[in-house]
C-alpha cells in the first residue's frame, strides 16, 4: 500500500512537471508564431509588409505598433484565437507550398480579393480586432473635427462597424493605390 502511494506521488510529480513543460512549450510556440517576423517569413508576405510599413499602424505619433496578429486574429477568447491561428496558418502555409502567390504581380492581381475577404471577416466580427485597441472610451471623438464626430455618431447609430469606413487602414485600398500609381505614370 505504502509503495503504491509513493509510486502514485512520483507519478503525479513527474506528470505535473511534464505537463508544465508541455504547457510552457506551447505558450512559447504560440508567442513565437505570433510575431511579425514569423508572419512575414514567407516571401509572399513581404509585399503586404511593405504597405504596412507605410501605414499609421506601423509608424505614428504615439509610437505604438499594431502587429499582424492584432488585426488579423481575434485575441479573445483564447481558444478562438488558437483555432484561428491554426486554421488561418494552415491555409497560408498551404497556399505558400502550392505557390498560389509566387510573384509580386500575382500578389497585386489577387490583392483585391484578399482585401475583400479580410473586410468581410471584419464586418462579420464587428471589427472586434480594431476594438481591442480603439475602444469607445479611449477614443477622443469629442476632440475630433466636427465632421468626424457626426460621422462616428451616425455610424454607431446605423449599426456600422469600423471597417465600413476605414477600409485599407492597414495596407491601403488596392483600387486606390492602383489609381494613384496610374495617375503618377
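Using N, Cα and C of the backbone, Cβ positions are placed for all residues, glycine too.
Please treat TrEMBL annotations as automatic predictions, because they have not gone through curation.
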Which residue of 92, 102, 126 does TrEMBL report at the same heme 1 site as 39, 42, 45? 92
Can you list, in sequence order, the residues of the same chain other than 130, 133, 134 whose CB lies within 8 Å of the CB centroid of the heme 3 site? 127, 129, 131, 132, 135, 162
For residue 171 (heme 2 binding site), which residues in the same chain are close in space, meaning a Cβ under 8 Å from its Cβ, but six or more apart along the sequence? 48, 51, 52, 55, 115
Between residue 45 (heme 1 binding site) and residue 133 (heme 3 binding site): CA-CA distance (Å): 24
Over all shown protein chains, what is the count of other CB atoms within 10 A of the CB belonging to residue 39 (heme 1 binding site)? 19
What's the CA-CA gap between residue 165 (heme 4 binding site) and residue 130 (heme 3 binding site) in angstrom, rounded? 12
